[in-house]
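Heads up, the thing below is written out as structure tokens.
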Amino acid sequence: MSQIHTQTLLHRLSPRLVYIGLALAICLPPLVSAYNENLHQRDGIHVPCSFFDTVNVTNDPHFPNGSYLHDGTMIPSQLIGTYDYIYTDLMRRVEVESHVRACICKLKPCINICCPWGASYSTNESACVNNTDYAWPQPLLNVTMPDETLKAVNIFTEFAVQSFRPCEFMFSLQPELGSFDDWKLFENGTLLRVFDMVYLAKSEFCFHPTVANDTTDTMYIINPANCNYDSDYSTIKTINAYAMLFSIPFMILTIVVYLSIPELRNQHGKSLVCYLIGLIIGYSLLAMSSLQLDAYSSLSFCKSLGYVAYYFFMAAFFWLSVISFDLWHNFRGTRGINRFQEKKRFLVYSLYAWGIPVPFLIFTWYAQEIAAIPDYWKPGIGGGEYCWLDMRTWSAMVYFFGPIVLIIMANSIMFVLTAMKIHKVQREMARIMAREDSTKNLRTEKDK
């Protein structure tokens, strides 16, 4: 009887091995792409924030309590750090003498100017040079408000101004030459390039002077410039986002099939449906964040998006562990399971897979919003340029990748144990069948 039950499980559960493999294939690419998502090198753990969120305050007034005053903004000591490197563009990190920098972007929205005010970039010298060829305008820019109205603001009072050129070769957006170059600047420092509806973070563009001619005089006006190629960072993010969106309809179709066929509405089928629901919601929100469809939204919405996506990704991986455990548990059993036991077990599975991610979510929220820890140990959800985890520090390993790696390791162990059990059963079945064939041959010989 035990052999019959085991043989039945073998036929029923062999397809589940395929599902486990498919599940891993679905989940592992986002993990790999998340590690590859950030193009920048990580900053050291001894600095309070990323280089791209800082300004040099070495020559600024400072006070006995460790704070610095930069362009009218008082920066507390916990946002001050010593850096022994700079980035000359988004890719190249150069070692320099130690100097003091302040994380001013933690206090005010930041924007970049390609060169210090009054200077422009010389392609011949590959450096910023003082430029007095034409009259410079007032440092005013039109900012698009949440109600789509325009407000002229002084960039040195409304923003923290950084001087940084993202790449060597850039092109200007000059709407005065045609609507094709229209752009919008938002209160948080994000820029919308209108012709292709691409949102650029502050580290992906900079403002610089362009020549404008009117009927009486020639002068400079301030326009944004961005790299004349799509950075690998933006391209990879966009490809990953659309790849996730592309997979969602197929996951929905799988759910419909499993819910439509009564034979598939068993323990495994319901677990697989819950797993796919977690992935669908997580993929949708992460794709929305990657494509920056939330640029118009408030900070609270951005944080909510990040935390909800985090919860459903964690729940999906816990459901994956449920599927692996259920496979292993069923295969090692020797007795059938009645309908009542199956319902009770699915309830336990649900409490585990939907419930365990809640403490992880609370811990992550506490670390980001309340805990007095350095920024490089914070998850970064809604605290930086994007709504998802900050991949520029190793904190993502603590809050996301670490738990997932442990879950995958446990799943792999159960997968190997199940495969070993299957191999053992197959050998026993082959031995029994060989014995039966031998018995039949002896009977045939006797009949002769």
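Positions of Cβ are set from backbone N, Cα and C atoms, glycine also.
TrEMBL entries are annotated by machine, without manual review.
Residues or ranges marked as domain 'G-protein coupled receptors family 2 profile 2' by TrEMBL: 236-448.
Sequence annotations record features per position, and here TrEMBL assigns transmembrane segment to 241-261 (among others). Remote same-chain residues near the transmembrane segment (241-261) are listed as 26, 29-30, 269-270, 272-273, 276-277, 279-280, 283-284, 286-287, 290-291 (criterion: CB distance under 8 Å, separation of at least six residues from the stretch ends).
TrEMBL lists 273-293 (among others) with the feature transmembrane segment. Listed as Cβ neighbours of the transmembrane segment (273-293) (distance under 8 Å, sequence separation of 6 or more from its ends, same chain) are residues 23, 26-27, 30, 190, 199, 237-238, 240-242, 244-245, 247-248, 251-252, 254-255, 258-259, 302, 305-306, 308-309, 312-313, 315-316, 319-320, 322-323, 350, 353-354, 386-388.
Taking Cβ pairs closer than 8 Å, the transmembrane segment (305-325) reaches residues 16, 19-20, 23-24, 27, 268, 271-272, 274-275, 277-279, 281-282, 285-286, 288-289, 294, 297, 349, 352-354, 356-358, 360-361, 364-365, 381-382, 387-389, 399-400, 403-404, 407-408, 410-411, 414-415 in its own chain, all 6 or more past its ends. Residues annotated as transmembrane segment in TrEMBL: 305-325 (among others).
What TrEMBL records for 346-367 (among others) is transmembrane segment. Proximity of distant same-chain residues to the transmembrane segment (346-367), defined by a Cβ-Cβ separation under 8 Å and at least 6 residues beyond the stretch ends, is recorded for 267, 270-271, 274, 307, 310-311, 314-315, 318-319, 321-322, 326, 373, 377-379, 381, 399, 403.
Per TrEMBL, the feature transmembrane segment maps to 398-419 (among others).
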